[in-house]
Amino acid sequence: MDAKRFHHVGALMLWNNKSMLDPQPGQNPKQHWQKVLYKRQPFPDNYVDQSFLEKLRKNVHARQYQYWAVVFESGVVIQQLCSVCVFVVIWWYMDMGLLAPQWLFGAGLISSLIGYVLFDVVDSGMGRTQSGQTRWADLKNSVVFVAFTYGFSPVLKTLTESISTDTIYAMSALMLLGHLIFYDYGANAAIVSSALSLNMAIFASVCLASRLPRSLHAFVMVTFAIQIFALWPMLQKKLKAQTPRCYVVVTMLFALLALAGLLTISRVGTVLFALLLVSISCLCPYCLIRLQLFKDNIHGPWDEAEIKEDLSKFLR
């Protein structure tokens, strides 16, 4: 509730009920009013005294943000925007015939091996020990995925032949936008769904891969989508938790790589994308901190009751 409106309503209530504030004939002036319903009192039901606003509290749950801490947290958004940008740039290069699928597959394989080693080095293998996942199991899963993707690549290539190219591009754009919306940025919200976000990104990659020249292109494109939308965020989360400075450096280098790739396609798009990244990483945190000064939430005994006790035991 707005504080000014609440004060206005409270003052109006006290003014209209001024006759109720004064002791009525026949009432004991020494008897104090109690805010209870189970006790009979010589006061009207809508009676309030001068202590109406004594327990008013403002901004009880307000959080104090630090600018550079918010900038650091915005790196997750920057990472996902750059991932989408890099994916689209790579697809454009393959569609135009400027990038051979063999080169992309080799570069992705080498990058995956380096990231796999770094994933264990960052936390000294503690995560692997706790999960119980072995390297042999990881190798088997990778081989099965590559084999199935390669085997179904002719199907992926011809899956959307009956759909127009404009519709494919529109669906891909919507799916990539949904991937950004539903991605888990670390916020505890109902809209967050990591599985839905990843599925939408893979669906977009399948749609775009179906417009590439050959089945090998489709296979490499879907494989690259798994690497950049599934494996790359896992490494970034590990770097953010274990080595924050390294995470900042990697985020900046990744953003420069995305801008450099986009610059080869469109200068206007590069400028707009750079402005978007600067706005999210610098301007939005500043606006968030400034808007905290205008927060005016009020709390008091009139708030709805909140049950903080764990009631799951009663549901068994």
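Note: Cβ is positioned from N, Cα and C throughout, glycine not excepted.
Those TrEMBL annotations? Automatic predictions, nothing curated.
According to TrEMBL, the feature transmembrane segment maps to 67-94, 100-119, 139-156, 192-212, 218-235, 247-265, 271-289.
Highlighted: of the candidate stretches 67-94, 139-156, 218-235, 247-265, 271-289, 218-235 has the greatest count of Cβ pairs under 8 Å to the transmembrane segment (100-119).
Counting same-chain residues at least six beyond the ends of the transmembrane segment (271-289), those with a Cβ under 8 angstroms from any Cβ of the stretch are 65, 67, 70-71, 74-75, 77-78, 81-82, 85, 255, 258-259, 262. Just going by CB pairs under 8 A, the stretch in 67-94, 139-156, 192-212, 218-235 that sits most against the transmembrane segment (247-265) is 67-94. Sequence-remote contacts of a segment are chain residues at least 6 beyond its ends whose Cβ falls under 8 Å from one of its Cβ atoms, and for the transmembrane segment (192-212) they are 87, 91, 94-95, 156-161, 165, 168, 171-173, 175-176, 178-185, 218-219, 221-222, 224-226, 229-230. Sequence-distant neighbours of the transmembrane segment (218-235) (same chain, 6+ residues past either end, Cβ-Cβ under 8 Å): 79-80, 83, 86-87, 90-91, 94, 101, 104-105, 108, 111-112, 115, 118-119, 145-146, 149-150, 153, 156-157, 179, 198, 201-202, 204-206, 208-210, 212.
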